[in-house]
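Annotated features, as they stand in TrEMBL:
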COMPBIAS  1-12  compositional bias 'Polar residues'
REGION    1-28  region 'Disordered'
DOMAIN    38-155  domain 'Response regulatory'
MOD_RES   88  4-aspartylphosphate
DOMAIN    177-242  domain 'HTH luxR-type'
């Protein structure tokens with residue numbers, strides 16, 4: 001097994017790999033199936049993995065498999081085909097790589113239930129996660145009982161969003177005036193404006209009295225929000241916006 005992935009607990013005998021929804025199966029039957037099927041948790045913070053394991057054990061899950069990176073998470077998913085995956089969106093040095101990971105997992109197993117456990121409360125990012133195929137979204141700064149409730153809902157194929165996030169996502173989708181650029185935070189707008197001026201990451205960091213890493217992370221998130229893939233494309237968006245604003 002990849003060094004980044006490890007089995008936190010083990011079960012006796014072979015782990016069932018069948019997915020619910022491929023026959024007449026009610027919610028109770030789905031829960032029974034999910035309790036013996038492994039649940040994959042993908043996060044690069046040990047304390048988060050430990051907390052998730054505790055919540056899942058309380059939910060009666062017999063096998064919890066952990067992966068601490070995107071590559072290890074995908075390989076483990078491909079091997080085990082778990083019914084439920086709990087996944088972060090951001091990984092060190094990879095920006096919002098969790099979005100692409102969710103899409104890849106769902107492409108392989110469309111009936112896999114993905115629950116996002118993230119620090120990001122930006123409705124744009126939440127909306128992107130749902131579009132990628134996540135069924136639920138829980139914030140890391142919320143109580144552990146909310147993670148438990150979310151897991152219980154997602155494992156039987158139901159959507160879970162807390163009321164505030166659900167409202168913000170609904171408002172975001174309903175407002176036709178919202179363009180990708182208006183969905184940026186004030187800090188991201190500051191960085192985007194300086195990119196339009198041709199400034200380097202280092203110069204932007206000095207201008208704003210923030211770290212170089214803060215600038216690179218912000219640019220990574222802006223690429224996700226603006227749906228561009230490269231720095232060159234991001235700079236093009238920055239210049240175009242600057243020209244529109246005169």
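Keep in mind that glycine also has a Cβ here, set from the backbone N, Cα and C atoms.
TrEMBL does not curate its annotations; it predicts them automatically.
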When the domain 'HTH luxR-type' (177-242) is classified with DSSP, how many of its residues are helical, how many are strand and how many are coil?
50 helix, 0 strand, 16 coil
So, by DSSP, how many helix, strand and coil residues make up the domain 'Response regulatory' (38-155)?
57 helix, 24 strand, 37 coil
Over the domain 'HTH luxR-type' (177-242), what is the model's average pLDDT?
84
